[in-house]
Amino acid sequence: MNQQKLLLMLGQSLIGTGFFFLYIQHVRSVFETRTNIAHLTQLERESLFRGEDALYYSFYKTLTEAPDFMSGIERLQNLTDIEYPRNVNVIHRFHVLPELIIGALYHFLRSHQRLGLLSLFSCWRSDDIRLTLEYGNCEGQAMQFYTECVWLLGGFTMLLIYMYGLLLSRNMFGGIYAVTSYIMFHSFASKIYESPAARENFAFPAIFMQMFYLCFCINQLYERKAHSLSILTMVKMSFLTALALLCWQFSTVIFASQILIMMVPWILNSTTQTRLVNVFINEYAATHLMAIWLAYSMSDGNKRYIFAWQLGPAIGLFFISMIRFSKQQSASPPHDDSNIGFSLKILPMGFLISIFSFCTIIDIFEATGFVRSIENTYILYRDLVIHWLLQMKVNFVTTLTACKPEYKRMDCFQLWDFVKTLVVKPYCMYGVVMLAKFFRKWRKSTEPPEEPKADVIERAKNYILEDFLEEHHISMTDILNKKNEHVILEFLDLLAKCGYDYELYKKEKAKLKKEKPNDHLQFLNDIKKLKEQIQENHKKSSEEKGRDEIHRESTEEMVEQRERKEKTGNENGKKISSPGTSKRATTRLTSASSQETHASDSVDEGLYDYRQFHYVYSFLQMAVFTVIGLSIKKLFFLCFTQGCVLTSTICSLLLSGKQRNLFWSAYLYVFLASVIHPGIVNIQDEYYPNKNVANQNLQLDSMLEWIKMNTEKDAVFAGPVDIIGTVHLTTRRPIVNHAHLEIRQMSDRTEHVYSVFSRQQSSDIYNQCSQLKIQYLILSTKDCTNEINDECDLLSIWDDMQPAYRKYPQFCSELLNKNIPSFLKVFSNEKYAIVKMFSHSVQINLKFNKMPEKDM
């Protein structure tokens, strides 16, 4: 048995490892096919990074260009190129933990080149004759090392999906189905090949690992019916939570939803004690508090983790568990229904405690001067919620963020294709299978029973007589006794009710035997509880001694009775031995083996109890991810990935039961019909997109080449948030704004930079930009048409914010077509334009701003 389990675990591990390497090769091939990166120059490769991705990769580039890792760390702690002229501690301000780890690993491998470890990640070697010799050599090794680490994390995510599906289904096919669904519809699940440096590519493996480990711990709690304080378990959970917090700003939202789900009352089995659940919940809440402290420490004291959204729910969950524990200690253990009712009553209290504790802590910190409201980086997301729910424009940056494609709502038609393929088809076929099983049973129940043959009836009666003789150790002459004759007649009546089916008779007889002892044991347990309540505490020691003596005497009597039974059994076996005895022994062995099989099936079915909380948690987390994904398109991959994991439950005994052959044959057809046709189309779209990404970057690449050739190395740039980070990455020019708009200071700077797309006067715009010390201003020509196309057009947003200026033309449109003092257009192509701003000394007769100046 142990060898079979070992072989099964080995087979499952090999399958998971195979999916790990398959996914890595798949993502690597898709990325190379879409970008043709091996045949690009270094500038063209770096221009593939946009927005936040370009900013984070520039940090990694700073680390790799440093002579050693510690020198790179010192540069990142005193960086003036991304928020010029302010000095920024990047480790404190941003989620750069992935870049630090990859950079440290890169420096370690580069310092040990004699070991040949870095050569495992061979660099791109282009065979394009248009490139110079320097690009034909080994070039771009740091970038390829970075992308390979991203692919490895993606493969680890695939392995976690397989393990999670295996945990929920307890079936290898369930894990395979979860992984196959994820790969076939990869365009829904991840954009890892489109934005390798995205924060979710690094944080989601840690989040998913934490979710899987949480479900594993809950499952162990149900199986073992015991729980002890484990420091190692708390350290693992805290480390995974802190790792996700340090990699992605949305991790705290996910963990806050997880804690709120853990507040839901556990639907407990009768054998699971409430005390065990309370102990586990206390440890779980403590791990989140430890993770917040760990993230605060590892980020050089970044105070945004004080504003983490899971802080309040963690405190509320801790108080809920304490209330439940005090309720249990003060009264007798309640039944499951009363426990659930009490938990439902204190749920609103837990939510109120979560909200008020969070607000109180923030107020205390602000009153003591430990934090300021300006350091709360989650205000932008709060304003986004207000924007979506109330349909009101809070401020310019909130509206600008809500108009980004990744922050828009999910397309309903695209969502229906996903639901139809992965949810509707499999569960509709499951309903067909269940209807088939129902009609099959109904047909058998309506059909008249077939009369058994005479030889079958006679053989079954003989089996019953043999069983009776063996069980009671008597001979054939003792059957004539009236008492034995009455018992045999009852057995024969039961056999007739079962249609003279001996196997069915054995099952019914076993049920009757189980029912009687259970009633008797329940009666004895009630008496025992009553005696324990009446007896006094000082008699406990004497009772324990008496129990030991009684137990010793009972064991001696049981041994003597067993010896007598063995002797009488041997004597009766000699008397009743006949040719039919050997046949009957074979039949008994067969029935015993079948009973063991049914017993194992019942045990397996017990493991798939839908009331176990790791199933409840997984489905509730899926519901939360669905709401988040429908609200923000960027986060829809959470809903899809969790959905792929939950589809594995259709392969479990929870749904299939004992009719496995019928179910598997129907389910295999559903699997092929649901996944292959749309899945192959999605894979083709990934490998062969309609537009080549490299062709879309031609206009941007030409502008970047012009900046590198025609501007000073210390020239200060500003521009749209989607490309300004790329400008800094490729040209290493200082910039005054970037894509992290949740930072309050950066939000104000971006609003001043984007004022060039408004209808304000030139003097107003110049005064705002000159205070930021901008020398070159980058414009997007598609936003400077002086026309309004939709509500997300920049001019439309500014008109809503400044209705008094609607009578004036758009400033950047005038700037591209006319000569305006203090502004000079120095570069332009089909998509972009660069305007140089003259210093204050060159400016002549500027008009003063009629509106009050904004505080910088």
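Each Cβ is built from the backbone N, Cα and C atoms, and glycine gets one as well.
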- Task: Could you tell me which of the ranges 280-299, 380-399 is annotated in TrEMBL as transmembrane segment?
- Result: 280-299
- Taking 101-118, 173-190, 821-838 as the choices, which stretch does TrEMBL tie to transmembrane segment? 173-190
- Item | Listed stretch, out of 149-167, 173-190, 613-629, that has the most CB pairs under 8 angstroms to the transmembrane segment (202-222) | 149-167
- Note: vs the transmembrane segment (635-655), the recorded stretch with the largest number of Cβ pairs under 8 Å from 6-24, 149-167, 173-190, 280-299, 613-629 is 173-190
